[in-house]
Amino acid sequence: MLNKPVLVESLIVFAIVLFVHTVVWDRYSWCAVALAVQAFYVQFKWDRLLQLGGAVFQFRTAANSGLLPASMVIPLLGIAMKERCKSAGIVYFERFGIVVASTGMLVALFLSVIAVGITKPVPTNTCVLTGVAGSIIIYTMKHSLTVSEVIEVLEVLLIFVYLSMILLYLLPRCFTPGEALLVLGGISFVFNQLIKRSLNVIEGRGDPIDFFLLVAVVGVVLLGLFFTVLFIFMDSGTWISSMFFHMMTAVLGLGVIMPWLYRLIQRNPLFWLLQFLFQTQTRVYLLVYWTFLAASACGVVFYQNAKRSSESKKHQASTITRKYFHFIVVATYVPGLIYDCQLLYVAAVLCLAVFIFLEYIRYFRIKPFGQTLRYLLSLFLDERDSGPLILTHIYLLLGMSLPVWLFPRSCAPKGTLSGAGALVPYSGVLAVGVGDTIASVFGSTMGEIKWPGTKKTFEGTMTAIFAQIIAVALILIFDSSVNLNSSYAWILVSVSLVSLLEAYTTQIDNLLLPLYLQIMFMV
């Protein structure tokens, strides 16, 4: 039987799907509803496989499969993007939104078929539902996509299959099936977009900061795959291996990644980046301010580790202590969103690359800092870091950055969307920086009434909703570009649904919540 928290989580996701499609009902809505229904049933099978240890790969055990909430994110994002760009008359990005939605549906359907295929005995009813959903999706794709778009969707699916086989084998217990769908699906799409744009480079076309994101993500992933394979055959903790790591990082960075970026933006990447970062006085002030906040975050890490050394070796950072970093991230992102969103975009990409590179150093025990990073970061581990990688801080950065990166700038001629859409870049700040933080702090200190079947409290959820409404009011005061056009009821519904999802989901909320809030705001 499906337990109550998973059932409530599924009902919340269904509510979000229905709310979205009351606004944008079209032929893709039938596909989304069919996908949601079959994902709900297949989630039974995945949960059973995880409990019995029958899954092909080792997934994170302290959570359910999360297939339904993860399956709906990419399709809903594509549908929301399609509608926004259609209303703005941008045909290219309207078609791009259709491709995103179709890709998300096909990848989610593939993961469902895998679960059904390895379940013994074969679940007849679920097979029928999966077949019906697949037929609806494929029929709609046949009548909606051009031949080149179908090839693009299949390319992403192929990359997803290979990445899943490689990364889920190399990184056991790092993901649930739903988290793997989101993370690996996103990386697969980035890979495909970079290959597509590299083969069709037209001088002067395309925004350099978009290319910068694509190359950075693909570069760090390829770097990790290269060293993972290499260190199978040699000990990564020796000085010789560490010197080779640093040397090959420089070779791959300067010999592969930089020329690749040069081909795309048609200028020297380092000169372009320096010119971009120091283009205006406002950017210099923001960079100095962010450097101070980064130093403060490092100070928190060192201080907490000093307390561990003086008190007890078993000392672990409390929930409230971990939320310090949420406050620091909010203080980082809000000025960037108000004064220079493009600088925030590029700075977030750089920060992501640095975070992943430091995680490689920690994971491979690269000298001289690998062992030190292992010791410092072990203090902040929680039950979600059950695999060999520590990903929670990377998920926090992604949750705050994805609404900025995925903001449809080309479909917003004045730099901002109308109505609730104006809050799209703030989705991460509201959902994770304010809502999740306040819910955790108040719930753990003052909460008494627990939601059935969870450790989350009613007081924490209600306080989170109230705090996000106050944050929206403050955004209206300090950001003159935001104009909600009386869409306050929709904002309240969106914030409430996402806060309820936070209370019941066992997936990585730093990643899931901002995306759902962004979807609600975009439609």
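These residue numbers are counts, starting from 1, taken along the chain as shown.
Note: Cβ is positioned from N, Cα and C throughout, glycine not excepted.
According to TrEMBL:
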TRANSMEM  12-41  transmembrane segment
TRANSMEM  61-80  transmembrane segment
TRANSMEM  92-116  transmembrane segment
TRANSMEM  122-141  transmembrane segment
TRANSMEM  153-171  transmembrane segment
TRANSMEM  211-232  transmembrane segment
TRANSMEM  244-262  transmembrane segment
TRANSMEM  282-303  transmembrane segment
TRANSMEM  324-339  transmembrane segment
TRANSMEM  386-406  transmembrane segment
TRANSMEM  426-446  transmembrane segment
TRANSMEM  458-478  transmembrane segment
The answer for the transmembrane segment (282-303), taking Cβ pairs under 8 Å and residues 6+ beyond its ends, is 321, 324-325, 328, 331-332, 335-336, 339-340, 343, 347, 376-377, 379-380
| said: Check the transmembrane segment (426-446) against the transmembrane segment (324-339) for contact, please; criterion is three or more CB pairs under 8 Å, pairs 6 or more apart in sequence. | reply: yes
Under 8 Å Cβ-Cβ from the transmembrane segment (153-171), and at least six residues away from its ends along the same chain, one finds 57-59, 99, 102-103, 106-107, 110, 141, 145, 180, 184-185, 187-189, 191-192, 195, 225, 228, 387-389
Per the Cβ under 8 Å criterion, with at least 6 residues separating them from its ends, the transmembrane segment (12-41) contacts 67-69, 71-72, 75-76, 79-80, 82-83, 98, 101, 105, 108-109, 112, 125-126, 129-130, 132-133, 136-137, 140, 143-144, 493, 497, 500-501, 504, 516, 519-520, 523
Same-chain residues at least 6 beyond the ends of the transmembrane segment (92-116) with CB under 8 Å of its CB atoms are 28, 31-32, 35, 38-39, 42, 45-46, 49, 56, 65, 67, 70-86, 122-123, 126-127, 130, 133-134, 137, 141, 144-145, 149, 152-153, 156-157, 160-161, 177, 181, 185, 188-189, 408, 410-411
